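*Asks:* Have a look at this one before I ask anything.
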Amino acid sequence: MNYLQQELDQLVKTDSRIFAFIRQGALDGLWYWDIEQPENEWMDARFWATLGYDPEQMPHRASAWQDIIFPEDLARATENFHKHLADPSHPYDQLVRYRHRDGSTVWVRCRGLAIRDADGKPTRMLGAHNDVTAEHTAQQQLKDHLAQLEEKTAKLEAVLAASQIGVWSITQPERTITWDRHLLTPEERGTPGSLKFQQALDMIHPNDRERAEAAYEALLAHGIELDEEYRVVLPNGDERVHRSRGRARPQVDGQNVRALGTVQDVTDQVEARLALEQSRRFSEQLLANMADGFSVVDAQSRQQVANKALCKMTGFSEAELLGQSAPFPYWPEEAFETLNAAFGTMLSVGMGDFELMFKRKTGERFPVHLSTGSLCDTTGQVTHYFANITDISARREAERQLKRAHAFLNQTSRVARVGGWEYDLVSGKIEWTDSIREIHEVPLDFEPSYEKAMAFYTPETGVQLQQAVAQAIEDGTPYGLDVQMITATGKLLWVRAVGNAEFDNGRCKRLFGTFQDIDEAKKIREALEQARAEADTANRSKSEFLANMSHEIRTPLNSVIGFSDLLRQSSELNETQRNYVGYVNQSAKSLLDLLNDILDFSKIEAGKLELSPEQIDLDDLTRQIIDVVRYKTNEKGLELLLHIASEVPHVIHADPIRLRQVLINLISNAIKFTEAGHIRIDISAEQTDTPGISELGFAVSDTGCGIALDQQERIFDAFTQEDASTTRKFGGTGLGLSISNRLLNLMGSRLELDSEPGQGSTFSFRVRLPSEGGRALDRLADKAVLDSIHHVLVIDDNLNNGKIIQDMLDLVGVRCTTVDNGPAALTFLQQQAVDIAIVDYQMPVMDGLEVIRRIRQQLNLGAESLRIMLLHSLVEDVQLRAQAAPLGIHKMANKPIDSRQLYNALVALKLGGALAEAEAGRGNGAAPAQAGEDAIAASAVATPQTDLRILLVDDHPLNLILARHLVAEMLPGAHIEEFSGGEDAVRYCTENTPDLVLMDVQMPGMNGYDATSQIRARESGRRVPIIALTAGTLKGEKERCLQAGMDDYLVKPIDIDALHAALVRWIAPAAALMPIPASVADEVVNGDAAPETPLPSALPGIDLAAGLRRVANNRALHGKLLRHFRDGHRRDAETISRALAEGRWADARLVAHSVKGVAANLGAERLGSAAARLEARLAAGDGLGDDLGEDSGQDSDQHLGEALAVFAGALEEVIGGLDEFLPDDRQEPDRAEPQPEAEAPNLDAVAPLLSAIAREVESDLGAANE
């Protein structure tokens, strides 16, 4: 036995420490080592058996185990051994590795305890081994697994973070959801947490919440795997798209108690997917809508894409093409070789352009152009080839046509002797076509230069052409010149050189143009021009002769008309004679109308008719037109309607004569072709972009026979009517519409027609005219009076007229009710009260007088309770007035009534006045009606105004006469003073204070402006109202009047309603001051004057109806004014000529101004217009052109001479007519009682008049023949 073993056995018995150590650690081997003799060491058999060695063969030496321990472990064990020997508290305990006999490694836990002597010196070392290879291997594997797990976890964390994937779990039944830091939470991202499942659902977008909740419920309740995309709303309001996937984990009992899953932010992927889908759809739509065909083949030459255009082009369907390989169905067999070569080039090169032939499914061949290219993958490998395919059939055809046209052009150029040229300014090179060389008669190889080209021209034309070329080079001005050149052979030719410039960056780079031989055409054109000039001269001579002849014939015709009118009024004629004379009168008038049309037509044809625009009051113009046509409409029983829209300006600038002529032609035409119903005149206006310019629309509509569509163009031709039956039935020349259309052409307009047979016709035109002034509503000075009228009843069977009046009243805010018959009116008035009733006279069943009679008697509504205005369409209303007098009618007016007349009449009716028996019967001795309410008007009229003093100031006696008469009628008993100059007026107002002054503004000496200024300067007490009387032609005249101190403004000729309204405004109190006089409503006033010579029905140059309206139809007064005018203005033309010869332009203008104002009052419209035009010419020559609206720079002596000649002619016409038909004897011849029809004509009674007619006709026709 080894001594160490024996020693150890003994120690085990004696030392408990040794026993305890051995019991705790001696599991797989025990060793005991002699420290003093280190080579000696005892190892038990288990030690070596653990390491795979036979104990019997292993020596008890330390070197035996040291040879099989791992060197690095031996060093560590030795180091630890020495530390333990040095310090008993340092444990000797470590893991070491031994090499097993089979080569494997054995992990051994080696523990040791030092045995010390009494001095504490270590003498022995007891050790124990434990084989821990299995445990160590397991621990190492666990450690490796944990390391791998950590690595995988780190990688997973990185993947989750990069892919924004979070992990969640849901537990049941609590329904609590937990998440990791990668899941977006309601609070913040990156913080793990938990919350209730419903709270998590609340984060989902409302539109996706129901779908997502259902998917989660299916997962939790039924274990259905979750895979859902939905939107969530983050705390900051952003929307993101999440994809959530999860599975349920069932328990043993089969209940789902937990679900696990992931959630990923797929917003970017969804947006990319949507973008990709949109791009795919875009590509599909692009391919589908491409005009060209598009084809894609893969690397194996299989057709992968064939768009709609390719299918349409070839006729094959997409299914017939896709998957096909070359040769494709649209390759024609005869072109296989060419197509295969092109296809091979595309496959080898990858791109190219080819023009080839394809075929359609029908077999038709057609040319195409292919642009090819290739598509590659990421490695650069070609995967597909594509081709853009264009059908060039049209291009090929165009090329053929171009070649043909080019050849044709070359042939044409040679025939027409025209060519093209180009001058390159950079290189200095000039190019000519062959035609130009042929014109120059040079060889076709001739090389032109600028100097050589210019050498062909004559000196004069060469300079002209060089200047044009220089100008084109400088600023690009094109040119076209007819010049003369000398050819290479010396021939003199006329040519036309046309040039244009081409610029680049502000510099001329090229000139180009055409060059044509026009020598023959020039000669032909000169011959044609000479022939045209001769023809024009002949045509003008013809037109001038026709115009002169028409004028010469008109003079005897006027005599025939005038004397036949006088004969018709003679009491010496029996009925047969009167009929004969009537036929003569009507025939003469028809012939006069024909001559007037021919005269106008000839003037237009001769180019002698020029427009003379001037300022026009549109209301006055329409009244004049209505006065002209009133007789014809009344004669045929037609109603005349007038509607002027509210936006129409009241003042326009146009030629009044020609505008009136057009409208009268249209209305007369409508009357001619209308047997029953009405004629309606509409005037409208629209503002234009140009200030002060309005576009006016005029329309004349009728209820006549209408015009067939195939005849509507013909009626505008001269001397043409709808058909021959029209001429036979209605008469006429067919010139009216043609003349109207030509006059409108001069105004920049034309007639439009809207008509159907049996439905009537509407002729209309629109014309742009300078305008000023506002609407009728804007000119109301008595708006407050109108505002006090609460309700007006209109009784008229013509609904159109009722609607027109209602529209005019609506504009001023007056309530209006319309009824179309008398019984309805009586029923209405029983139920409602109105302020004023407007009653039409001519109504079926119950006429206007009967309606008014029943209103007064049955309804007991007297003149104080209800004021009534009666409208009628009669020309002569003396009998109507007599019938109306007992009915307390306050006013009578002719239809149609315009807005200004209506408003003024309503104001007058509201303020007071009535037409009663006494007023209607003043001239025939009838006694006033004094019974009951019918006497109201008479008492009002009879109230004298003896305390009023009215001052009239006008330099013309006729104007004074008219003004005195009108004022005396409106203010009976007033004291009226008259002065002819401003100085006298100032002197009178200095010493007296009149109640009102009517002041003319244009007077010799001191004019109205200066007189008013001096009156205002000298006023010390009450301010005297001063009303200006002006012709209204000066721009800003109203403002000038007000600045001078005048209070109001009336335009001459004086409108009776306007004068009455002005007197109402400025003389108070209005209700007790005056009634509305009978004259205001165009009523016939017989007057108290002595009998006078009756007025004829017509006077040359004078519109009697308009003139009588100016004097309230007072024939005695009108005759007096006409005689005064004849005696005072006979020599005015000579007076003006003499003043001009002496340089007294202002005096000449005052004479023209005076005639203008008086002529308008008399109804001499043509003379008034001629005087106005002459005044404007004189004012322009006197430096006043701007005030009168004339361009003085365009006036000339020739224009002034023409204006003076027209004025003299118009004046001669008026004076001559007055001399002829208005004798000085003012006593009306006694009229015999009506006699029964004589058996034989009493020729003695009419012989003098017939002799006079014969003399006039003979004399004037003799002059015409000369």
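The backbone N, Cα and C atoms fix where each Cβ goes, glycine too.
Copying in the features that TrEMBL gives for the protein in this structure:
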- 518-548: coiled coil (COILED)
- 1223-1234: compositional bias 'Basic and acidic residues' (COMPBIAS)
- 92-144: domain 'PAC' (DOMAIN)
- 226-278: domain 'PAC' (DOMAIN)
- 352-404: domain 'PAC' (DOMAIN)
- 479-530: domain 'PAC' (DOMAIN)
- 1114-1214: domain 'HPt' (DOMAIN)
- Asp840: 4-aspartylphosphate (MOD_RES)
- Asp1000: 4-aspartylphosphate (MOD_RES)
- His1153: phosphohistidine (MOD_RES)
- 1221-1243: region 'Disordered' (REGION)
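For each listed feature, how buried is it and what is near it?
*Replies:* The domain 'PAC' (226-278): residue composition by secondary structure is 12 helix, 30 strand, 11 coil, according to DSSP.
Per DSSP, the domain 'PAC' (352-404) is made up of 12 helix, 30 strand, 11 coil.
Per-residue pLDDT, averaged across the domain 'PAC' (479-530), gives 92.
Note: Asp840 (4-aspartylphosphate) has non-local neighbours Ile795, Asp796, Asp797, Asn798, Asn801, Gly848, Leu871, His872, Lys895, i.e. same-chain residues 6+ apart with C-beta under 8 A of its own C-beta.
Taken residue by residue with DSSP, Asp1000 (4-aspartylphosphate) is part of a strand. Counting only same-chain residues six or more apart in sequence, the Cβ atoms lying under 8 angstroms from the Cβ of Asp1000 (4-aspartylphosphate) belong to Val953, Asp954, Asp955, His956, Asn959, Gly1008, Leu1029, Thr1030.
A helical conformation is recorded for His1153 (phosphohistidine) in the three-state DSSP classification.
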*Asks:* Counting by DSSP secondary structure, give me helix, strand and coil numbers for the domain 'HPt' (1114-1214).
*Replies:* 81 helix, 0 strand, 20 coil
*Asks:* Going by DSSP, is Asp840 (4-aspartylphosphate) sitting in a helix, a strand, or coil?
*Replies:* strand
